[in-house]
Amino acid sequence: MSGQAPSPRIIGLTGGIGMGKTTVSDYLDKTYQLPILDADIYAREAVQPGSIVLEAIVNRYQSKILLLDGTLDRRQLGEIIFTQPSERIWLDEQIHPYVRQALSRDRDRLIQHSHQTIVLVIPLLFEAQMTDLITEIWVVSCSPDQQIQRLMQRGALSLEQANARINSQMAIAEKRDRADVVLENTSTLEDLLEQVDRAIDHPFSPNSTKSYG
Ligand code: ATP
């Protein structure tokens, strides 16, 4: 017997906006106690007061892009980047290197602490070309109608804003094509979570794309 440790399983969880990433990662956290690294949290960290990214943003849009307390006015920035694609590309170029480096650093720390399965939630996994950080791609997917309905129910976005965000991302069909595991979130929560149970029980082998729906 060789004493080599098995390679860690690094799940990259993605999908369209509002399709169910957080629902799945919360479940993996609570039910399986898996460590979760969330790209959105690092993306917020990247623009904290004093950061070089926030400085670049202020240089580009002037200090009117800040709230009175000196933090980024995310709502205003959202209006800019989701109506002007070139500005979104510019912003992504500022933020993604920080997110990649932080995800990679914390993933490696978890591996050093002997975690065998780690989950990276990366909404822009493909768009930001971060698939090299993981060993297995899970895409949570639902229909366009369900996506809009769930986003509207959450109440934070108008229909126009929701559509602008959806259209800024890679089409879900393309994400599904690149998935190792597709989680069909088209029915009940129970149905979704049963698919997660099955996917966790069967680590991806590179021979087939699995759909648990
Ligand atoms: P975001 O991209 O905005 O971070 P997300 O992909 O993390 O979203 P969730 O927050 O998990 O998506 O889900 C979006 C909304 O849809 C939430 O309010 C969630 O409770 C609801 N939802 C998720 N799955 C289902 C389901 N199967 N049936 C009904 N509602 C659902």
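One-based numbering along the chain as shown.
Using N, Cα and C of the backbone, Cβ positions are placed for all residues, glycine too.
According to TrEMBL, the features are:
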| type | residues | note |
| --- | --- | --- |
| BINDING | G18, M19, G20, K21, T22, T23 | ATP binding site |
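Shown on the structure are the features that TrEMBL records.
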residue : record           : Cβ neighbours (10 Å)
G18     : ATP binding site : 23
M19     : ATP binding site : 27
G20     : ATP binding site : 24
K21     : ATP binding site : 24
T22     : ATP binding site : 16
T23     : ATP binding site : 16
Where M19 (ATP binding site) sits in the secondary structure, as DSSP reduces it to three classes: coil
Cβ-centroid neighbours of ATP site G18, M19, G20, K21, T22, T23, 8 Å, sequence order: G15, V24, V140, R150, N185
